[in-house]
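First the structure, in the form of structure tokens, and then the observations on it.
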Amino acid sequence: MWDNNSNLKKRAKEAFVRQQDQSDCGVACLLSVINFLGGTSKLERLRELSGTSKQGTTLLGLYQSADKVGLKAEAYEADLENLKKQTDPCILHIVKDERLQHYIIFYGIKDGQFIISDPAEGVKLVSPKEIEKLWKSKALLLLKPGEDFTTVDEKKKYQWQWIKQLTKEDLNILSLALVLGIFVSVLSLATAIFSQKLIDEILPGEDTLKLFVGLGLLAFLLFAKSGLSYVRQLFLIRQSRDFNNRIINTFYSSLLKLPVPFFFNRKTGDLIARMNDTRRLQRTITYIFSEVMIDVLLIIVASVFIMTYSINLGFFVLLSVPLFFLLTWQYNEPILKGQQDVMKAHSANESNYVDTIQGIATIKTGNREPFFSKITKKIYGFFQDQIFDLGKVGIKFTFWADIISAFYMVGVLGISSMLVLQDELLVGALVAIFQMSSQLIPSANRLALTNIRLQEARVAFDRMYEFTSLEPEYNKKPEIKNKLENDKVESIHVSDLSFRFPGRSPLLKDISFAVEKGEMIALLGESGCGKTTMLQILQRFYEPESGSLKINENIGWGELSVKSWRNHLASVPQDIKIFSGTLLDNICLGDVQEEDVEQVIEFCKEYGFSKYFEEFPQQYATILGEEGTNISGGQQQLVALARALYQEPDLLLLDEATSAMDRETEQGMLQMLMESKKEMGIILVTHRIKSVKLADRIYILNEGKITEQGSPQELATGQNLFSRSLEELSV
Ligand SMILES: Nc1ncnc2c1ncn2[C@@H]1O[C@H](COP(=O)(O)OP(=O)(O)OP(=O)(O)O)[C@@H](O)[C@H]1O
């Protein structure tokens, strides 16, 4: 037991996360516990994993999200005596002020008092009596680190490996750029040295020959500097291009491997903003690898050079450099916070653009342009305010950096002038020292800003890494062998399948149904009863909570990889996506080769699509999507149906796939499907009773369960949704 553990309260305080609003108390508790155990996560992610809504989080939602972040969670009902004995943090479900549902954390006991972390108030000691009063439900969630729990240190290690992997190919080119940079910096000191020789030796000696030789040498060095600088810049932009290509490709391809719900729950604008953030990463990497060394060298070389004229002056120069670092240290926090705020506001702004442009028709029909303009103005205004605030911090920083530079330049000039007056320094040397000092200041300034640059890149990197570190759906079970490689799916049997969205009550309960090749079955049910979700589970977008699915009666679902399973099915969803490209591209969804053209045209003729597609302005070459012709909802469904059938699936999932078609087209397509089903099994989800009537079997879903099943003839005589809809149809 943690009795009298004085360190515990301190650790609890360090780990404390304050709730942002009342609905957040559960996830704030969870994040505090994660911090306490040495891990790391984000409120946003926990909110999503736990299904936190405006009403808050259920204990079940917390349990499920804890499991997903690698914690071992156990839910109990306990009493005060059991609680006292706990040696791991526990989230308690309490009722505050007799009405408010709330979560708090119990960490342990100190001097007979309970160490409690309340996300609304902070860490405090509470008497057993008070706990008894608050903790009426006696429900607690015990949390321990599980096998998959990643600590901050481990995360850093993975991040470092990721960065190393990404920059491995750049090291050669960056090293070359570095070497060239060193030459360029040393050569840029040539002017200063020549000025000194000119003023102190050549001009007083009136030696014209020496003057021309000197000028020639200077010209040569300056030309060499320009040439080397040119080559170095070329190297750097090449590295920048290659690095950006590499990082975006890596980021984007790992993004596409993430499970579908990830995209359902994210704003497109936020993803785009994060991709744009990669440039910050590239700039910092280039700077760290190629310029930091140059700045360090320039400061050392210039200081040593100044020391050769005057030791004291050299020390003065060297000692002034830390002042820039001191200043940066002072401004580190506000600049970092400002950068984070700007990045967040940038994401929100991009998301708003995507949202409003995608919803333009709804906005216009409702004459809501003024409202959305106002919202956009506000969001953009907020984004600009964040840039402004960061700019203000930047200006203040620059102001103080200028003051330090002025102090430094006056100091250098003052000391060297005194040395000239005391005949310890020649005027030419003074000019050279002044020139070198002027070159040294920007280097010292840049060097001092390294930490801020690093932090900025770290924020951008963290935002990217958050996504790239998520588990891709394909890799979940890499050892799986594809048992179905050359075989076709002849039948599927779903048994006792249950499913719920994180933190929500069960949506599908013990669902069982079957479909065989040559059959069309229909799922019928009220809106929101889970039909679309069932089809999404079949596509393996979501994992069911329990139940099984057998393919061809003997292959378990888990014995197939997600990828190979999807090779056997095709779907027409409710929301159809038409991609930018020709009609042909949209049907093939891949590299269209010359031989495919004939094949697609033949396929469309055979399946009865050609009479619709030949009416398109350029027939199969008609450009569709964002940059092309807009097509009607019914035409979009025709394209999507052709796309699905062209894949020759064994299982076809149709979710309101003909709802926007005219009666005649719909009848034609249903007829075609009735003929095609000999090659596949079809699952139809529709509210259209005329289509349902064509099914071989109907499954009626009600309140998450299949309440009735049978052929249309069998169900028509009973009392159910199908028979009632039939009656309405005949009225
Ligand atoms: N990603 C999600 N997270 C949480 N709840 C969700 C999510 N997607 C859907 N739901 C909820 O699940 C329920 C079932 O949705 P689903 O789309 O499966 O219904 P449906 O039967 O297909 O409805 P319709 O006939 O209107 O198409 C709905 O209440 C919906 O709000």
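Using N, Cα and C of the backbone, Cβ positions are placed for all residues, glycine too.
Under the heading domain 'Peptidase C39', TrEMBL lists 19-142.
The transmembrane segment feature in TrEMBL is assigned to 173-199 (among others).
The domain 'ABC transmembrane type-1' feature in TrEMBL is assigned to 176-456.
TrEMBL lists 211-231 (among others) with the feature transmembrane segment.
For the transmembrane segment (284-307), the list of distant contacts is 167, 170-171, 174-175, 177-178, 181-182, 184-186, 189, 236, 239-240, 243, 313-315, 317-318, 321, 433, 436-437, 439-440, 443-444, 446-447, 450, 453-454, 456-457: same-chain residues at least six beyond its ends, Cβ to Cβ under 8 Å. Positions annotated as transmembrane segment by TrEMBL: 284-307 (among others).
Proximity of distant same-chain residues to the transmembrane segment (313-331), defined by a Cβ-Cβ separation under 8 Å and at least 6 residues beyond the stretch ends, is recorded for 299, 302-304, 306-307, 393, 396-397, 400-401, 404, 407-408, 411-412, 415-416, 419, 433, 437, 440, 444-445, 447-449, 451-452. Annotation comment: TrEMBL describes 313-331 (among others) as transmembrane segment.
Counting residues 6+ beyond its ends, the transmembrane segment (397-419) has Cβ neighbours under 8 Å at 309-310, 312-313, 316-317, 320, 323-324, 327-328, 331, 335, 425, 429-430, 433-434, 437-438, 441, 445 in the same chain. What TrEMBL records for 397-419 (among others) is transmembrane segment.
Residues annotated as domain 'ABC transporter' in TrEMBL: 492-728.
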(message) Under 8 Å between C-beta atoms and at least six residues away from its ends: which parts of the chain pack against the transmembrane segment (211-231)?
(response) 180, 183-184, 187-188, 190-191, 194, 197-198, 202-203
(request) Could you tell me what the rest of the chain brings near the transmembrane segment (173-199), counting residues at least six beyond its ends with Cβ under 8 Å? (result) 211, 214, 217-218, 221-222, 224-225, 228-229, 231-232, 235-236, 238-239, 242, 286, 289-291, 293-294, 297-298, 301-302, 305, 426-429, 431-433, 435-436, 439
(request) With DSSP as the yardstick, break the domain 'Peptidase C39' (19-142) down into helix, strand and coil residue counts. (result) 46 helix, 43 strand, 35 coil
